[in-house]
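Copied from Swiss-Prot, the annotated features are:
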DOMAIN    174-284  domain 'Fe2OG dioxygenase'
BINDING   HIS203, ASP205, HIS261  Fe cation binding site
REGION    331-365  region 'Disordered'
COMPBIAS  336-348  compositional bias 'Low complexity'
Amino acid sequence: MTGSVPIVDLEAWRAADEENRASLAEIIDGALHTVGTFLLAGHGVPAELTARMRTAGRSFFDLPWEKKEPHAVQRPHDNGWRGLVKHRTDTIEGTGGAPDLHEAFHMGPTHRTGDDAFDALYYPANKWPAELPELRETALAYTAHMTRVAGAVMEMLAGVLGLEPAFFTSRCEHATWTQSVNWYPSLDTVGQTAEGQMRVGPHTDFGTITLLDRQQGVSGLEVWSEEDGWFAPPFVEGTLLVNLGDLMHQWTDGRWRSLRHRVLAPSASAPQEELVSLVYFFDADPEAELVPLAAPVGGGAGMPTVNVGETILKKNIQMLTDLKGHGLFQGELSLSRPGSADSPGSSPADDHPSRPGRHPAQGPQ
């Protein structure tokens with residue numbers, strides 16, 4: 001236990017007897033009710049693979065602008081590169097219009113349903129740079145581990161609430177997710193910062209859970225709680241920070257908190273410090289209808305049922321509309337998408353193409 005952010009060992013949870021599991025469940029439930037986060041040990045992601053993923057991702061940002069630009073995000077439902085602009089996969093609070101001081105490279109699952117319009121919205125093609133073949137190879141291995149861990153965490157969270165282990169994962173069999181490599185440049189790189197400007201402004205994430213592998217820094221992550229205000233969560237080498245997102249807050253009908261967090265601007269006391277975070281945003285099946293849990297398991301907030309895909313797309317459009325208004329996004333806000341190298345041709349889509357009963361298959365990308 002480190003303050004209000006506990007360390008939870010996944011293997012210890014799995015091996016615990018009824019009494020010890022009840023004790024662990026109380027700790028996890030308390031942390032998610034008050035803050036919305038905990039540290040995860042025993043997750044089984046190889047440290048060597050994590051290091052390679054960080055190195056491969058960081059290499060992308062060293063490419064010249066003209067090499068990165070073809071991989072830029074162009075639509076709300078897109079993967080690829082986002083430059084030094086204010087962009088998010090979260091609920092935005094705003095920081096006076098100053099752009100966030102980071103770049104990001106996003107990638108997603110390789111699921112395919114066979115319906116081009118549906119896939120373009122929910123399983124868009126990845127944009128792998130030809131100059132960095134190791135990025136694709138490493139990312140596929142790393143995200144396979146992160147998807148495994150996300151499923152294990154969702155099973156554990158069901159256990160914390162006294163639900164069947166598959167309660168959450170049964171709605172996540174073909175979940176949408178985004179793996180982001182976030183590069184936070186040094187102060188020497190970005191120059192003087194504007195008042196109130198941050199690497200990432202205060203926000204909550206859109207999805208169910210986020211798995212964060214971060215680096216320790218002078219100007220790093222801060223989380224918020226009503227009791228403590230803003231504070232830096234403990235850094236423990238080899239652990240992942242598990243953050244709850246808006247969908248899980250909704251699903252538990254307010255019992256658990258969607259973590260409010262931010263990343264501070266680079267500090268004048270460490271002008272050469274740059275950080276790279278590996279952020280895995282996990283949602284649920286895009287066609288899933290999330291019905292808030294009834295009391296006493298749910299929090300009794302009276303939240304409505306939501307559709308996962310519609311909710312995520314709506315928030316992405318809201319985010320990019322805000323950016324476009326500030327001249328920080330040059331792409332399209334339409335939900336139609338032309339084909340890519342992976343999927344030639346054009347794939348127009350309606351607002352929410354539905355594929356009831358369809359199960360996407362894993363395929364190469």
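Positions of Cβ are set from backbone N, Cα and C atoms, glycine also.
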- Averaged pLDDT, computed only over the residues in the domain 'Fe2OG dioxygenase' (174-284): 92
- Message: Neighbour count first, Cβ atoms within 10 Å, every protein chain included; then name which of HIS203, ASP205 tops the list of binding-site residues.
- Response: ASP205
- Message: Just to be sure I understand, if DSSP states are collapsed into helix, strand and coil, how many residues of the domain 'Fe2OG dioxygenase' (174-284) fall in each?
- Response: 10 helix, 43 strand, 58 coil
- Provide the number of Cβ atoms within 10 Å of the Cβ of HIS261 (Fe cation binding site), excluding the reference atom itself. 25
